[in-house]
């Protein structure tokens, strides 16, 4: 019945759009009067996919809220599913109204960072929380062909960075060091994204943002460099985290989830570059392409989000959480996933085996479960508390080394200033030695002795004494002439 209702709604919307377009009352975006006749079918087709991208995720979210048996997992999974309708709505609004394109793009970029954080927290929740995740990492080892058997079974694992990252970043030891590095690397992107979005809005209001203009008097290139480095580091941390836990999370098919999420993030960025390159090379021609040059990216995103909404139904299903209605609530759904359509593996079944006995729900168990309003409240407030704690943790761990670095720089400058003052003080207290005869005046006096030694001659004590007396007499005569 639910699927029939969704299909009927889609058919009704399509029929209304076709009838309105047929009678000429289909509204057109503000691209000019001449372009209106070409934009009826792009807007109509984009609207159909946007409706799909809204209805299917909403249906999936309601399914998760109705079977809200694993709050730690589902609260962030719902935030991840919301990525599709958010992208679809803002792209459609940007396609319709060019004046709202900038604000819509800022919202999309901010939610991208939030979705990246939600995906990481969802994987951690599937591993039964932070403590169990760190314990699992500490049990991992890196075993190669040259590693002795006994040594490999008791040594901790190490995450090695590829070139050129290994030239700047030390290897991470699996455990608290690796977990905190990944956590900070992902949360910092969410924080910087919000800060840069606020700065972009302020600069745009003053007309000095200059989106797409790489000029020193605009703020766009500086914010773009900061965000690109931040995003690259966050995605790198997520990939490293996935590589460590992918075998542990095999029952929930993490590869499909990871590729689905990553494709949405990367496609929206790379396709914009490809479209701009095609237009710059003149490979895309035609009046429709020229009219949609500035909005073709939004149109493509609308189409992609409709497809992604269908994919999410199979990648992030609510069926494993519905099975939790017949067992204790505080048990992870790892074996529920494994029992649906994954071939049973003895080790995985043993590893994901429940510590409590399954049972049918009684009346008291139903009362312990959250109802629909309580589930919504937990998604909003519960996830908000975790986000605030992670942001506070990240800021404290980032600000502390920055403060130490600034303090070290201040001490260095203070030491340099003290040395300069000490040198100036010594220079003032030193006596004036301008009356001293320069050394070049004495050069001729010692040249005779040097020539005598060089010619092989000897200098006796008496000869040296006479020479000294001769030099003293010459010096006294020279001093007398200088005083005159």
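Using N, Cα and C of the backbone, Cβ positions are placed for all residues, glycine too.
What Swiss-Prot records for 406-428 is coiled coil, and it gives sequence analysis as the kind of evidence. Residues annotated as compositional bias 'Basic and acidic residues' in Swiss-Prot: 347-364. The region 'Disordered' feature in Swiss-Prot is assigned to 344-364, 459-484. Among the features that Swiss-Prot reports, signal peptide is placed at 1-19, with the record citing sequence analysis. The transmembrane segment feature in Swiss-Prot is assigned to 42-62, 76-96, 190-210, 219-239, 264-284, 299-319; the stated evidence is sequence analysis.
Long-range contacts of the transmembrane segment (76-96) within the same chain: residues 29, 43, 46-47, 49-50, 53-54, 57-58, 60-61, 64-65, 104-105, 107-108, 111-112, 114-115, 118-119, 121-122, 125, 261, 264, 268, 295, 297-299, 301-302, 305-306, 308-309, 312, 316, 379, 383, each at least 6 residues beyond the stretch ends and with a Cβ under 8 Å from a Cβ of the stretch. Contacts between the transmembrane segment (299-319) and the transmembrane segment (190-210): absent, as fewer than 3 C-beta pairs lie under 8 angstroms at sequence separation of six or more. Beyond its flanks by at least six residues, the coiled coil (406-428) meets no residue of its own chain at a Cβ-Cβ distance under 8 Å. Looking only at the coiled coil (406-428), the predicted model's pLDDT averages out at 79.
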